[in-house]
Structure formats: C-alpha cells, structure tokens
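Lifted from Swiss-Prot, the feature list:
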TRANSMEM  22-42  transmembrane segment
TRANSMEM  61-81  transmembrane segment
TRANSMEM  94-113  transmembrane segment
TRANSMEM  114-134  transmembrane segment
TRANSMEM  146-166  transmembrane segment
TRANSMEM  197-217  transmembrane segment
TRANSMEM  225-245  transmembrane segment
TRANSMEM  258-278  transmembrane segment
TRANSMEM  285-304  transmembrane segment
TRANSMEM  352-372  transmembrane segment
TRANSMEM  380-400  transmembrane segment
TRANSMEM  437-457  transmembrane segment
C-alpha cells in the first residue's frame, strides 16, 4: 500500500518544483506510472483475502477495483485539462494539479480504510478539492450556486453520520470494520436503532445520489470543468456505493426491514431520470441524469446484500465510472469548439469530426449496456438478484433499461446527425491526437474487462 501511497504524496512537491515547461509532462508520466503500478492489487478470483498494510488500511476484493479506477482516472484528468488550462498562469496550473493529486490521495485513503473514523475523515476530505475545482475552474457564473448545493447537500448527510459513528464508538469501543462485521451490534426495531440506521446510511445515499436527494448532481456536473465532471462521475459517486456496501454488512437484521422505501425510490428513480433524459436539451445535464438512474440500480443492489447483487454493484460502478467519464470527455470536445452544450445547436458533428463519431458510438453503446459489455454484466446481475428478491421489480428495471437505450440513441443521433451543421460550426478545429488518446484510455479497460470480468467479482 505504502509503495503507491508515498509516490502519490511525492507528486505534490513535484508539481511545484519541476520546471515550467515540464509541469504537465512530468505529472502525467508519474501519475500514469502509479496507475500501472496499482494493477498489482488485482488478485486471482480464488484469492479473496484482505491484504493488510496496517491496522487502519488494507485492500480486499471490494476496494481493489475502485482503487485502481481512482489511480487510472488521475492521469486522464491531467491530460484532458491541458486545453482548459492553456491560458492560465503557471501558479494556477500548479494549484490545479495539486488539487487533483490531493483528491486522488484522499480517495485512495478512503477506499483502503479499515477503520470507520479514518474512512469518514477521508470521505469528507474529498469534498474540499472537488469544491475548489467546481467553484474556481467552472465555466459559468452559476458554478458558485452549484458549489453551494454540493457543499450543503453533502454536509447535511455527514453530520448524522459523525454522530452515529461517535455513538458506535462509545458503545463498542472500536470502529474497526472487521471487528464490527465479525461481532456486529445487537440491533432491534426500536426507534433509537432505526434512527441510527438512517444516520449511518444517509450520507452515502446523498453521495450516490438517491433519487430525491440528487438535485446537487446535475448542477455540479454542468458547472464543473471537465476534470471535475470526470472525477465526480468516475469515482466520487462510487464512494457512496462503497460506503453502503461496507456499512450494511454490520447493520443486519435492520436492513432487511428498513431498506424497502430506499429500494423502491431508487428503482422508481431509474424510470423518472430516464424520462428526464429524453427531454433534456443540455448535453452534460443529460449525462448527469443518466448517472442518477444507474446509481439507483447500485443502491438497490447494495441494500439487497446478496453476493450476486454486491458483485453486480461493483461491476456496474466500474463500468459506469469509465463510460460516463468518456461521455463527459466527448461532450467537452464539442464544448471546447462550439462553446455550447445545447443539443439542437451542436448537431451534425459527424460531418465536422468524423473520427469522433466512432468514440461517440462506442460510448453510447456502452452506456445503454449492449452485449457483451461489462455494463450489461453488471445490470443483468443486479436485475437477476432483484428479481429473486421480488418479481415485480422486473417491470421497473425492464422499463428503465428500455428508456436508457432510448435516451442513449437519442443523444448519439442528435449530436452526430441532423442535416447541415449550423453556421457557427463551419470553422471548428479538427480533433487532436490527445483527445483520441483520452478516449482510447477509457475504452481499452472496458474492452479488456469484457474478456476477464472475474477481476471485479467478489465471490
């Protein structure tokens, strides 16, 4: 663990000490090296033990895929922000790189934490760099409103979580995940224990986000720069799912009786957000709402607590992290040229950027879970486990899958086809090799994981 954590920490002084002309290349090279080194965490499917670094940190089959995803996204964020920062002075470029690296360190510590208070601290620490990225480097004035939404939604859920953890430590004298899973708290259906259950899970529900608590997400995505959208869609939403999977293991038998409203709301949210996506005019907002629907599937799978559902949740989180991040990158390539996110004003891109159409097609097919993608593996696994829990869920999940196919095809056809391009788009610059490299680095892991999905399974 430390042989990867220390190089991450050393990237902070490196970004301030390296020469002006070498800043982007140095940080990019080192972060790619860390991303490749993180692959050593992968283990054969029959070796499902926890690797301890110390009593507070460790790596197991649930956290490993998310840790590797975090390490993989950092160099992509640095690479995709190159054009966004081209007009910025050197000190701001260094500050931006430092913010991204500190976010990577916080996420790595959160995913590898085996002690609840360390996990809570790092869970909250990710808020500060993300808020700085949204409010300082966002494109519109509304970024301040988006930052306020993001801050207050997250903090409202975090205070009950802190109180619940303090209460847990007072009663059991430990916050170690392993001890609490082996010797779980003796919970009853009393009001106190019910409120404690809600307090422990509410912060993660908001982070996912659960339908009804999701209003901060479209605002944050739309106003954030491309690096902010990538880390939000790619990793930060998964922090909520990871927290639910970890915490629910010690909340039995209350979860079986109290999870019904949340599972119903998350499954209903798949249909509602899908219908919202069909009526969206803003491209980034469409991708953000599609994330809410897919994360609803993950919430219901995590609360179901069967080995099959948790495996499906992890597969879908990894698949969504890469595919939605790729969609945001593609939306950014259009925005950098047209300075517009409206679907009707940026149509017929195929005639202007023909190579980008291939990436748009692949990303849309991944997002709609076409066979044999890992998105389909994750969705099918979750749908099967939900069907075995309650047969009626097949109506909601089936409708949700149909609507997601509709809005994915609508997004692709609107952006790529539609007659003659508008006049304001006739003189846009062609696509760069850097942009194709970014898309390839998103797509290659998705294709390779199709060949060996056992790397993400937990049983």
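Placed from the backbone N, Cα and C atoms, the Cβ positions cover glycine too.
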Residues sitting near the transmembrane segment (352-372): Cβ under 8 Å, six or more positions beyond its termini, same chain?
290, 319, 322-324, 326-327, 330, 333, 378-379, 401, 404-405, 408-409, 411-412, 415-416, 421, 425, 428, 430-431, 435-436, 439, 442-443, 446, 450
Tell me whether the transmembrane segment (114-134) sits in contact with the transmembrane segment (225-245), defined here as at least 3 Cβ pairs under 8 Å among residues 6 or more apart in sequence.
yes
Assess whether the transmembrane segment (94-113) lies in contact with the transmembrane segment (197-217), where contact requires at least three Cβ pairs under 8 Å among residues 6 or more apart in sequence.
no
Do any residues, 6 or more residues outside the transmembrane segment (22-42), come within under 8 Å Cβ-to-Cβ of it, and if so which ones?
3-4, 7-8, 11, 14-15, 51, 59, 64, 67-68, 71-72, 74-75, 78-79, 82, 90, 93-94, 97, 101, 104, 455
With Cβ distances under 8 Å as the criterion, find the stretch in 61-81, 225-245, 380-400 that has the most pairs with the transmembrane segment (258-278).
380-400
Under 8 Å for C-beta pairs, could you tell me which stretch among 61-81, 197-217, 225-245, 437-457 has the largest tally with the transmembrane segment (146-166)?
197-217
Interface check, the transmembrane segment (197-217) with the transmembrane segment (61-81), three or more C-beta pairs under 8 A:
no
